[in-house]
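**Student:** Questions regarding the structure given below will be posed in turn.
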Amino acid sequence: MDARVAHQFPSPGYQYNPTNPPWRKLLWVKQNYPDNYVDSTFLDELQKNVNVRTYDYWKMVYESGVITQHISSVVIFIAVFIYLQMGALVANHLIWTGSFMTGVGYVIWDLVMIQQTAPHRGFERKRVAKSAVFFFATLLGLSPILKTLTSQTSDDTIWALTVCCFLANVLFHDYGSQSRARVKIPGSLSTNAAIFASVLLASRFDTNLDVFSLLSFAVEWFALFPIFRRYLQDMNPKVQIMLTILMLLTSVAMFIRISKAVVFLYILSFCFITFICPWWLIFIQKYKNEIHGPWDEARPRLQRSRKNVYRKRSS
């Protein structure tokens, strides 16, 4: 029997005829084959798991650092709030420390990285300085309003909303690594959730200076620091590893005096995300079964077509 026309599931009573022309995958052509005929060449164009990536365990362990870094940043921020509330941390010290760290980070970002792509940045430096002064002056003026924003709300409601906001911040954060030539602000939903949680926590303070110190630190910590972490990740893999370990040790050192149970859960979660989750992903890859073929629906590229139409109209 010819292999090209060998059928696997013939209809009842079908007899093979060697004089029949080869079967073609065309519905609009009447062929001398039954409707339920399946040719041996029917699945020749079948492709399985075309888009499957082969993951390396230690590379995934390294890349999981962006997740653990962000979780560590949330833990550190909560510890800062608790220290402020307990009086173990002075608001002035937090303001000066946050401003100093932001200034050092901007200098590194400007001299080491941005100078490689944009050497003439005098005007941009002035604009950044003006924007920073205006922002912190506005935040200082709004501190009395933010302090009384949730004065009629119970503490339990504030804690519950804060937990939900920080969970949204962790879940919707943009963990992708961007090129150093582009400055991309973290996802708006994630950043707004963190800032809203900071406002909720700051409303529990009694003085305007404490409110201003926590909110200014929140902006520096959740809006600016993730951008700096991306640049460090692109700059040198060793810096990424050192930063992950440093933030882990800082989180443990700050929370060990607050709650040892939280420290234990944090270290357990850190090990689970860093070592167990990559192994888990590699393990379940063998169960992946994705098929592709000519029967797949076409994927129109609308954005590109719109650009082409616009160019044609312009010309």
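These residue numbers are counts, starting from 1, taken along the chain as shown.
The backbone N, Cα and C atoms fix where each Cβ goes, and this holds for glycine too.
According to TrEMBL, the protein has these features:
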TRANSMEM  66-84  transmembrane segment
TRANSMEM  90-108  transmembrane segment
TRANSMEM  128-146  transmembrane segment
TRANSMEM  158-175  transmembrane segment
TRANSMEM  187-205  transmembrane segment
TRANSMEM  211-228  transmembrane segment
TRANSMEM  240-258  transmembrane segment
TRANSMEM  264-284  transmembrane segment
**Student:** Compare 66-84, 90-108, 264-284 by their Cβ pairs under 8 Å to the transmembrane segment (240-258) and return the stretch that comes out on top.
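**Tutor:** It is 66-84, which has the most Cβ pairs under 8 Å.
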**Student:** Please identify the stretch among 66-84, 128-146, 158-175, 211-228, 264-284 with the greatest number of Cβ pairs below 8 Å relative to the transmembrane segment (90-108).
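**Tutor:** Stretch with maximum Cβ contacts: 211-228.
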**Student:** Go through the chain and flag residues at least 6 beyond the ends of the transmembrane segment (66-84) whose CB is under 8 A from any CB in it; none is fine as an answer.
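**Tutor:** Non-local partners: 91, 94, 166, 169-170, 173, 175, 177, 194, 198, 201, 205, 210, 213-214, 217-218, 221-222, 225-226, 229, 233, 243-244, 247-248, 250-251, 254-255, 258, 266, 269-270, 273-274.
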**Student:** Can you tell me which recorded stretch out of 128-146, 158-175, 264-284 has the most Cβ pairs within less than 8 Å of the transmembrane segment (211-228)?
**Tutor:** 128-146
**Student:** So if I exclude everything within five residues of the ends of the transmembrane segment (264-284), which remaining residues of that chain have a CB under 8 angstroms from its CBs? That is, six or more out.
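**Tutor:** Beyond its ends, the transmembrane segment (264-284) has Cβ neighbours at 55, 57, 60-61, 64-65, 67-68, 71-72, 75, 248, 251-252, 255.
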